[in-house]
């Protein structure tokens with residue numbers, strides 16, 4: 001609609017001009033740096049290719065999605081996911097193409113669990129016969145599967161799940177049953193409305209000597225809905241669990257069984273099984289499965305760097321553009337908000353963290369593939385424990401960093417950060433589950449600590465075998481010789497790394513003394529153990545970043561010398577701000593003396609000043625397309641205010657209606673009358689109940 | 001709908017039994033403690049009275065609200081707010097009753113700004129004639145007003161707003177105009193769809209010597225919409241700004257003016273004005289207005305304690321009930337999750353913080369009323385600066401504490417914390433704006449620091465006049481005499497308070513040296529100044545909590561000795577965990593030596609162990625009704641799993657439809673056909689644009 005706002009422009013200076021000037025202040029080669037960060041597997045070319053296909057198709061438009069009712073939000077994501085699969089067929093996309101398409105759409109598809117956990121379970125847990133039957137059906141999406149493990153009453157403690165699968169020797173089949181309400185499967189993605197099959201995790205019960213004996217949780221593949229009607233079979237109750245903090249596009253589901261029969265072949269039997277006469281077949285070595293969980297955790301780190309990079313892209317671009325207040329001492333025009341140290345200190349360390357996450361993500365992938373090769377080619381499992389410990393701790397540390405960091409970026413944007421135009425609403429809400437899923441971050445950190453205590457025990461007894469053992473042995477030697485271990489963190493980057501490693505060694509030794517020597521209870525030690533795991537993870541982040549920024553090997557793909565110099569400042573900033581947040585641990589470990597800390601903030605401010613001119617190019621290098629960003633504040637061209645205006649004035653459905661503000665009338669939409677308004681409002685408030693009243697029927701659950 | 005799930009119960013032990021057992025482990029008198037915390041102004045009786053009226057009326061049902069499309073969410077809150085006003089008339093509710101009703105409904109009404117800022121402006125800024133005209137209209141809701149200050153381009157820096165109001169000497173009126181797009185009013189609550197009037201803040205321009213001279217921002221009362229049609233007048237463009245992180249119930253609006261004329265009487269003229277011949281009338285002392293901003297900030301602290309109490313209520317009840325994993329060393333049944341120190345350390349300090357916030361909120365109200373009485377009765381403005389500094393810093397400190405704390409509670413709930421049944425989704429999202437609104441928390445902290453530097457300067461020159469000056473003078477004397485100031489924080493609570501005060505004095509002295517002696521730039525010092533303000537605010541929280549827990553005066557209303565003992569442990573826990581988070585500042589200030597910190601975690605764990613049995617009763621005392629909590633996890637009776645089940649299985653509208661998961665078909669709802677699905681999905685994706693296409697017309701903006 002045309003009105004006088006069409007003629008108005010934002011006040012000078014124009015935002016795109018500011019952003020262009022910001023870019024001209026730095027000589028970082030953005031394209032080169034993008035290649036350095038993102039060229040693996042041809043990611044950048046793939047991203048461009050896919051973007052061209054999807055970004056202008058109407059159903060992939062993101063402009064209205066925050067306005068939608070939750071049921072509609074699911075429907076739209078279902079429609080998009082189906083369209084993506086059709087496009088994949090049409091354009092001959094491979095798995096990587098498809099994954100990038102999903103990344104750009106920016107939501108987790110109702111088919112996501114089918115594509116990951118369901119198909120992975122078939123690949124990794126099926127015997128050859130099962131594989132031959134199920135894999136083509138799943139890969140061709142002839143069937144759609146969910147992964148049903150977590151229950152209403154049990155999440156992290158998988159051994160505690162209540163669903164049972166009882167072998168019937170007469171009928172040669174299993175009965176799947178939910179003995180209680182807390183046995184209800186819960187949270188299972190794609191299960192709520194989409195899937196017609198599921199991998200169901202249930203306690204395997206075999207009759208032995210007239211009693212049932214439990215063999216613990218096992219995987220069963222079960223058809224749960226009719227292929228024609230998509231309604232659940234008798235003996236199964238399924239549904240979607242309802243609204244969530246984010247993830248409104250996904251149908252996380254619940255499911256109960258009442259004596260539901262499945263055939264003998266339903267038990268996935270690559271490593272284990274039940275013979276037709278009801279005897280349990282002991283599992284073979286499942287190390288490789290153990291490995292695949294670490295792969296998921298390594299992937300979470302790699303994904304998380306791009307999540308934080310999105311938040312930083314929005315924050316750095318908008319805060320460079322936004323002006324507020326003149327300098328208190330010298331006056332003049334209003335300053336760029338990113339010139340305030342109180343804003344820099346919230347954003348620039350996070351920008352540095354995106355790089356830290358990157359190099360550790362790369363290192364974890366390498367460790368994963370090396371370990372896997374060792375296992376497959378040499379049957380060598382020796383690095384598996386290290387890999388598992390590192391990936392657990394890093395998952396905890398990195399997901400917390402990214403969840404908190406995204407919200408820190410959002411808040412630093414001031415008022416506009418609270419608005420839909422920030423683009424950070426889905427970013428924050430859809431990723432706040434990450435510290436919880438795939439192992440709660442406060443719980444799996446205990447696994448890392450257990451590993452470190454074990455290694456310290458080995459080091460104490462002089463039996464070194466794993467990489468970290470050497471670090472521990474050195475620490476013990478220095479400690480014994482009462483050598484000074486105060487490091488020069490301001491002038492020597494190798495000392496920074498040493499300080500982080502000493503902190504880990506110190507905490508590991510304390511944990512060893514409490515647990516192994518003084519035999520304290522594990523539960524009592526948990527807080528210290530969590531800190532130890534985070535310290536270890538931060539040390540890994542520092543080590544990999546140090547190697548990239550200061551290592552002897554030239555960075556590959558290469559970056560020029562001046563870009564590497566900025567990278568070195570990012571390393572220093574990440575390291576010093578991490579030290580600042582946990583300074584007492586460094587002091588108590590003997591790595592730093594207190595006096596050193598007095599100039600920490602000064603040094604951090606110097607580094608931020610040095611990095612500041614490069615900030616826009618450093619986020620540009622992450623190559624996040626505007627379509628993915630979906631942010632008026634973070635647009636690549638910087639045209640912030642026109643974009644915010646357009647979103648509010650031309651794309652807001654609430655502005656389509658005029659309302660009656662007179663409290664004496666029950667009328668809501670002007671002219672609709674009181675009776676109609678009253679009925680509408682009660683239906684909105686009561687939901688399903690209101691729906692039943694309106695339809696005069698029962699809900700079709 | 002009836003199915004086999006009706007017969008199922010959660011596994012033993014039943015959650016209500018667990019919660020009852022939790023309550024029986026403590027002898028805290030919940031009712032007495034509730035009275036102690038909440039009896040001021042008859043709050044508890046009022047809450048019961050109002051609750052009975054609203055909780056069973058259909059439109060106040062909360063069960064469906066997270067499912068709603070954003071436009072519907074606004075409509076429902078408009079309907080509720082109108083109904084609340086009708087109930088207020090019908091039941092003769094006063095302002096306090098009405099406020100409690102709004103608190104229980106748990107959303108901010110589209111009339112909230114009318115009731116607060118709009119009416120307050122009329123009361124405080126109108127001359128008698130204006131008051132006589134506008135106040136009755138506003139109080140009777142004959143007109144509905146918004147408060148239009150913030151603009152697209154300017155928030156915190158009010159002096160930078162671009163909207164102009166130019167005096168026309170010929171026509172004796174003002175022209176309100178938006179010269180740019182960034183001059184658009186933005187964020188203004190109630191403006192988007194509801195209000196027909198607004199207080200508009202504009203730069204007052206008077207013609208002088210053939211030029212326009214600016215007198216800075218002034219308030220104008222302006223009718224913006226037609227009273228019959230509720231459509232904006234010509235020369236005004238208004239609308240709702242769109243989706244937000246929370247607050248979907250509120251129509252935050254934008255507004256542009258094109259040479260819009262308002263009469264001479266539109267300028268609110270109690271303290272200032274323009275004569276009919278265009279001369280500016282200099283403002284009288286506005287100190288009392290300055291005071292009313294501090295009142296809003298004090299109220300934010302009082303409100304925030306109940307926000308955090310809600311999060312803690314959910315967390316403590318659910319985490320007491322939830323069981324996960326047996327003890328690693330001794331086995332046995334699964335432990336209550338709240339028995340894990342890693343969970344306690346996230347929740348119990350926040351529970352302690354609700355009490356800390358309470359006593360400081362009370363103290364701030366007292367300081368506000370005392371100061372106001374001083375001003376009104378004696379014209380004594382001497383405590384105003386202290387009040388302003390305290391309320392600014394505390395607003396910053398407490399809103400950050402509560403925003404982070406609520407999210408910490410949510411995450412500690414594991415998977416169920418991410419679901420709608422937690423009740424924490426609106427709590428977290430609707431309050432994450434608090435660190436930003438009414439003065440960004442990273443900005444207003446600078447005001448507190450400026451005050452403290454001023455006071456330190458006075459103390460250095462031996463001129464003490466305000467309460468904190470004595471503290472500073474003592475610090476300076478001790479420093480000069482090089483006396484040891486290491487405090488015994490584990491055995492002497494007065495020492496805890498002294499340690500917090502020393503930290504403030506130390507940081508204030510450093511700031512004084514940098515700013516006053518070394519004349520460093522303000523901007524360079526901002527990070528240190530923010531830390532100083534937070535340190536001061538934490539010191540105030542500690543002081544008030546200390547006085548309540550250890551002061552010589554008996555608590556009023558009274559609490560029994562054993563409850564006071566628990567309160568003392570809460571004080572210690574709050575103090576020690578606050579020290580833990582900023583330990584280096586305490587060490588560098590000389591208040592603590594590093595060695596003291598080695599046993600900090602041990603001591604914190606002892607305190608948590610002592611508080612743990614009382615946790616449920618300590619949250620019960622906040623008397624948050626189930627209706628307000630709207631949480632399956634936090635229900636007073638503890639019946640968590642049945643409540644979660646009911647919400648998912650019986651109240652989820654997504655479960656009313658059956659979907660077609662076959663990717664080869666564009667059909668979404670089973671049986672609707674591809675054509676209809678395609679059209680529906682495009683409309684959902686495109687929003688307003690899709691709407692226009694469907695209606696064949698233009699949006700009515």
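Note that Cβ sites are derived from N, Cα and C of the backbone, with glycine treated the same way.
Marked as domain 'Acyl-coenzyme A oxidase N-terminal' by TrEMBL: B:30-144.
Per TrEMBL, the feature domain 'Acyl-CoA oxidase/dehydrogenase middle' maps to B:147-259.
For residue B:189 (FAD binding site), the count of additional Cβ atoms within 10 Å of its Cβ stands at 26 [all protein chains shown]. In the three-state DSSP classification, residue B:189 (FAD binding site) falls within coil. What TrEMBL records for B:150, B:189 is FAD binding site.
According to TrEMBL, the domain 'Acyl-CoA oxidase C-alpha1' annotation covers B:290-453.
Sequence annotations record features per position, and here TrEMBL assigns active site, proton acceptor to B:438. For residue B:438 (active site, proton acceptor), other Cβ atoms within 10 Å of its Cβ number 16.
Per TrEMBL, domain 'Acyl-CoA oxidase C-terminal' is recorded for B:494-661.
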For residue B:438 (active site, proton acceptor) and residue B:189 (FAD binding site), the CA-to-CA distance in whole Å is 13
Could you check if the domain 'Acyl-CoA oxidase C-terminal' (B:494-661) is in contact with the domain 'Acyl-CoA oxidase/dehydrogenase middle' (B:147-259), meaning 3+ Cβ pairs under 8 Å among residue pairs at least 6 apart in sequence? no
Summed over the domain 'Acyl-CoA oxidase/dehydrogenase middle' (B:147-259), the DSSP helix, strand and coil counts are 3 helix, 55 strand, 55 coil
Taking B:150, B:189, B:438 as the recorded positions, those within reach of chain A by Cβ under 8 Å are B:150
Here the 10 Å Cβ neighbour count for residue B:150 (FAD binding site) comes out at 19
For the domain 'Acyl-coenzyme A oxidase N-terminal' (B:30-144), the DSSP residue counts stand at 89 helix, 0 strand, 26 coil
Confidence over the domain 'Acyl-CoA oxidase C-terminal' (B:494-661), expressed as mean pLDDT on the 0 to 100 scale, is 96
